[in-house]
């Protein structure tokens, strides 16, 4: 275990509330395994204090930090630069220090992709169906485009929010790939997709016995399909349990969580990190 001393370098995660975060045990386990003199701390920051806090983090020479709810959008104007990936998603979850100030990116995109990249699929022939059109769905849309998928279908319950969701990409290459649908169109989409993704909070603890779709819809998936849930608690979710009973390959949100964290830690440390150690540390939290 790292012994904190006068030379310990600081990392952290900002959010409000922050008590639920699983990031400190995950990051500190990797830091300990690497034998580095760093520590990763939870930093509770209320929205009204964000601007003052970011200036303070700069003043104390914090090396970098993760950003969670509710600051992923609000922090953008406080940064000197953001990556194109963060601009497309419209949210920042990882920040690091540069000579010109704080720079931000979004590691959720590559975190989501990590378990998919190892699969032997021609992604250009896959037309993903994404359940939900909130902030998490934005990262998934960008990820699916980066993967080289065909049409990307986003299904939401609120029609008034679906059209603005698509129009937010009007001046990007993603616009022509993206189609938005109301929930009653879902049945017609499921039978043609090999990648069904839940980006909604439906099924998250403590409502672990809920699923965004029922077994009858999952029966329509082709045998080669993948069911991917961004939720990591409970493990597995009801959505994934149902998919598994039909022989569908499943991926849960823990893989996205650990991989997005590993990518962030590599940015801060400037070296490879032990992803397996981070995964093991996360599993101990359940």
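Placement of Cβ uses the backbone N, Cα and C atoms for every residue, glycine included.
Residues annotated as active site, proton acceptor in Swiss-Prot: 72. A C-beta separation below 8 Å, combined with a sequence spacing of at least six in one chain, links residue 72 (active site, proton acceptor) to 91, 92, 93, 135.
The number of other CB atoms found within 10 A of the CB of residue 232 (shikimate binding site), across every protein chain shown, is 21. Annotation source Swiss-Prot lists shikimate binding site at 21, 22, 23, 68, 93, 108, 232.
Just so you know, the Cβ of residue 132 (NADP(+) binding site) picks up 20 other Cβ atoms within 10 Å once every protein chain is counted. Sequence annotations record features per position, and here Swiss-Prot assigns NADP(+) binding site to 84, 132, 133, 134, 135, 136, 230, 253.
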(request) Please classify the secondary structure at residue 232 (shikimate binding site) using three-state DSSP. (result) coil
(message) A 10 Å Cβ contact count, applied to the binding-site residues 22, 136, 230: which residue has the minimum?
(response) 22
(request) List, in sequence order, the residues of the same chain other than 21, 22, 23, 68, 93, 108, 232 whose Cβ lies within 8 Å of the centroid of the Cβ atoms of the recorded shikimate site. (result) 13, 66, 257, 260, 261
(request) Take the Cβ of residue 135 (NADP(+) binding site) and count every other Cβ within 10 Å, whichever protein chain it belongs to. (result) 15
(request) Tell me whether residue 135 (NADP(+) binding site) sits in a helix, a strand or coil according to DSSP. (result) helix
